[in-house]
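Listed features, source TrEMBL:
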- 482-503: compositional bias 'Acidic residues' (COMPBIAS)
- 470-503: region 'Disordered' (REGION)
- 62-82: transmembrane segment (TRANSMEM)
- 94-112: transmembrane segment (TRANSMEM)
- 118-140: transmembrane segment (TRANSMEM)
- 176-205: transmembrane segment (TRANSMEM)
- 211-233: transmembrane segment (TRANSMEM)
- 270-293: transmembrane segment (TRANSMEM)
- 305-326: transmembrane segment (TRANSMEM)
- 338-358: transmembrane segment (TRANSMEM)
- 370-392: transmembrane segment (TRANSMEM)
- 404-430: transmembrane segment (TRANSMEM)
- 436-453: transmembrane segment (TRANSMEM)
Amino acid sequence: MESSSNTTGSVFQPLLVQQVARNASRLSSDPTLSCPKDDTLIPEGERCLVPFGFVCVEPTSYVLLIHVVSVLCAIIVSLGTSAFADHGRSSKKLMVTFCTLLALTTSFMFIAPLNPDLWWLAGLLMVISLIFNGATLNFFDAHIPILARHHPKVIRAMVDFGVNSREHIEAKVRMATFLSGGASAAGYTGGVVLTILGSVLLLVMGAETLIVGYCLVMSGVYVLISIVIYAFLSHQRTSPPLPKGASYLTFGYVRIAKTVRQMRRLKTMFYYLCAWFILGDGLTSTASTAILIAQDQFKASNDAFIIAVLVQYVFAACSMSFWIWLQNSRGVKPMTVIIMNICLFGLIPIYVLTGLINSNPVGLKNTWKMYMLAVVLGTFIGAICSSNMVVFSQFIPLGHENELFALFEMTDVTSSWIGPLVCAAIIESFGIRHTYWFLVPQYYIPAIMMFFVDVDKGRQEAIDFYNNEQEEKRKASLEEGGGSDDNDMELSDGKSEEEDKAF
């Protein structure tokens, strides 16, 4: 799933939508005239525009607006379905359904280049596919604490040393680190495979819009094969049923709103989300502004960008093995890995800023340095994201995995438009490199905030939250005269509630 997000959502889909929109664009002075296909033939002072709702925008802005719309819609859908997935036997069905729809909508995007009158279909399908992609990633991430909690090694540590003993907690963290890091490494490896196959297809058949559509069909087939394998090999665990009288359409929103209102009980988790909000914005903006510098200042070719993407994915996949080994074999805590990687990653903006000195050869000033930047991006960004999930999962009360991972994803994607917006304003006023003055604090402020995060306190808050929640349910059940509450049912694997209070 992650390979589809890495390659399809960030490379092939924007490329197809931008090219289709460019082919359908009209001159700003006379909307009845099509824009010349060759940019050099566009009259001076003219712009190529396409309609977006009630306004007309340039093709590049059209792609950006499509992304913004998809982010907003994905948040709404994920929040509505996530809490529902924490009940009954629906999580696997939801993930398979959303992932299948993701594969189909991605594949059908090749229809848009076939008919110029259907150019708008590419943007619509991109929005829909990114909605399904966001929901699928949420369900996927929520598997990590659940799988770690029920792994035989973790259960053995629980039986031998007791629930939430130091050995039990360490076993869960080690297993979550392995699962999260392994999933990230597998995702980046899949991204390498998809990027290579797509690059070969584009180089052999030409970088025409229809060929990009064929790359998306290939990506859709890849995702479909992956989800079929998951559907056959995975096991559906039974969670407590939905409360009596709850609506399938509104339960997710009501439950997550209730959780947010009780944020005082989960102070550490929400404090951590604030730090991740700032950091996620910086991670998104650093890569995009580096691409702008490469395009604007040393005119990097499309081939160079493809090579840079491959370099990043290869180093991301390989480096994950090192970070997993460092944590599980050397006892380095995930929070330490996060802070260390953030501080090292924050050197990238500082390095790029040195390029402001004209006589200084250091800085992002030529193509080979772009490859070096891709190495650094790949080495650190995978460890930051996977370790963040490991730490965050420890703050989640039992039964709230999908719900709170949706909040985690929402925090990430909500911030992804703020940085580019501020950077665009800085570019217009001062130039591209000056955007990194804004990006430097977006690494070191979260690093300082995370330094003061007490993981043990956050874990205990999750346990207390679960206990209070169960006590409230028991009181409500007694007041209604219904005896025991269905929501207090034991989990399907036969473990008691005490054994599964929190990750």
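Every residue gets a Cβ built from N, Cα and C, even glycine.
Long-range contacts of the transmembrane segment (270-293) within the same chain: residues 263, 305, 342, 345, 348-349, 352, 364, 370, 373, 377, 381, 384, 388, 391-392, 395, 407-408, 411-416, 418-420, 423, 427, 432-433, 435-436, 438-439, 442-443, 445-446, 449-450, 453, 458, each at least 6 residues beyond the stretch ends and with a Cβ under 8 Å from a Cβ of the stretch. Residues 14, 17-18, 21, 50, 52, 94, 98, 123, 126-127, 130-131, 133-135, 138-139, 142, 249, 252-253, 256, 402-403, 405-407, 409-410, 413-414, 416-417, 420 of the same chain lie 6 or more positions beyond the ends of the transmembrane segment (62-82) yet place their CB under 8 Å from a CB of it.
Long-range contacts of the transmembrane segment (338-358) within its own chain (CB-CB distance under 8 A, at least 6 residues past either end) are made by residues 279, 283, 286, 290, 293, 364-365, 373, 376-377, 380-381, 383-384, 387-388, 391, 433-434, 436-437, 439-440, 443-444, 446-447, 450-451. Between the transmembrane segment (94-112) and the transmembrane segment (176-205), fewer than three CB pairs separated by 6 or more residues in sequence fall under 8 Å, so the two stretches do not touch. Within the same chain, residues 268, 271-272, 274-276, 278-279, 281-282, 285-286, 289, 335, 338-339, 342-343, 345-346, 349-350, 352-353, 391, 419, 422-423, 426 sit at least 6 positions outside the transmembrane segment (436-453) and bring their C-beta atoms closer than 8 Å to a C-beta of that stretch.
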